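Feature annotations, courtesy of Swiss-Prot:
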CARBOHYD  Asn47  N-linked glycosylation site
CARBOHYD  Asn139  N-linked glycosylation site
CARBOHYD  Asn140  N-linked glycosylation site
MOTIF     193-198  motif 'HBM1'
MOTIF     322-327  motif 'HBM3'
SIGNAL    1-16  signal peptide
Amino acid sequence: MKLLGLLISAFGAINALKIKALYLSCDYELRPYNAVIDSQCMAFALNGSNIHEAIRYLNAMNIDKAYVLYWNDHDLHQNPMVLHKNGALAPFDRYTNTAKHVLCVEACSCPGPQSRPVVCPENNGASVSSPCPPCGQGNNTTVCDKVVVNPQPVKPLPAPCTPCAPCESSSSEKSESKECMTFPRICKKKCGPRHGRSPKKVEIVKSQKTYTFDIERYKRRGDVVVRVCSQDCKDKFEKFVLTKTGEIRKGKDKKCIPEPLPECLQCPKNLYKLKSGIEAKVCSEVCMYINSKCEIFVLIGDCDFYKVVMNERRRKQSSFHLKKIRGQKLRELIRQGLFGVEFSPLKC
């Protein structure tokens, strides 16, 4: 009985602490328990008496879902549960049900570098200690979300969140922009005699293209110098001028006929504005890609892939939203290969 009383007291002490969310980087997204240990946190013990406070916390911080490592007296660090902000509690599944946060009750430092879109949280009626987290902290620093859930009558709401400050400059204006990863399409070709006992040889061919638009020249004249780097077993470079009317002007070498540009790249002005708008929204540099279907994707940080979906019903050309790609869809997208799209001055 004494042991039971001590356990009840311990759980009561834990529940009395402030709920905090630990943001998980890519290395910890599937191992939330390791993130809690490495950050010297105490895992939050969820039960029937505090689940409503946890739900109010998620809504106050605008967090869709978070890992829970303890439910009542059950240790779930091997197979955690995922608590959604609508109140649903479901088992963890690495393909269909993951989270970017884990609930804890101790002051913790977020483990590892990470990059994520910074959004000012909306207050849904809970008392928030820091309504607007700082924006534009960079890719190597992060701030743990902190909120105080007050079960007492709610005080008047604080002033609306001010918009995130714009990023210092876009990636195309920096002298040293980060190098984007490449995602070549890998094909296997069989060669050798079709008949006979000799084995067939398999040749692996990597196909990759990167389109670079000289936006500096575009600002001066309206024309854009385009450089296409193709990597099919060996590097091949093409360079031509794309006029503001969409016409391709060939160089001095008349024998060189540039390949036609994909339709989504024929108006680099709008594409450049789209990328700048995305970078201003997430307060971070992004890498832009297209696939063979001319669909546009961006990579934020080192592991967050998003599909850019344009809102055609709205009149503004810059109206878009980002749809995260993960799991089997992401693996299939990378397997089929992606073409890089960059905006920077051409040195040659």
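Cβ from N, Cα, C; glycine included.
Other C-beta atoms found within 10 angstroms of the C-beta of Asn47 (N-linked glycosylation site) number 14, with every protein chain shown included. Residue counts for the motif 'HBM3' (322-327) under DSSP (helix as H, G, I; strand as E, B; rest coil) come to 1 helix, 4 strand, 1 coil.
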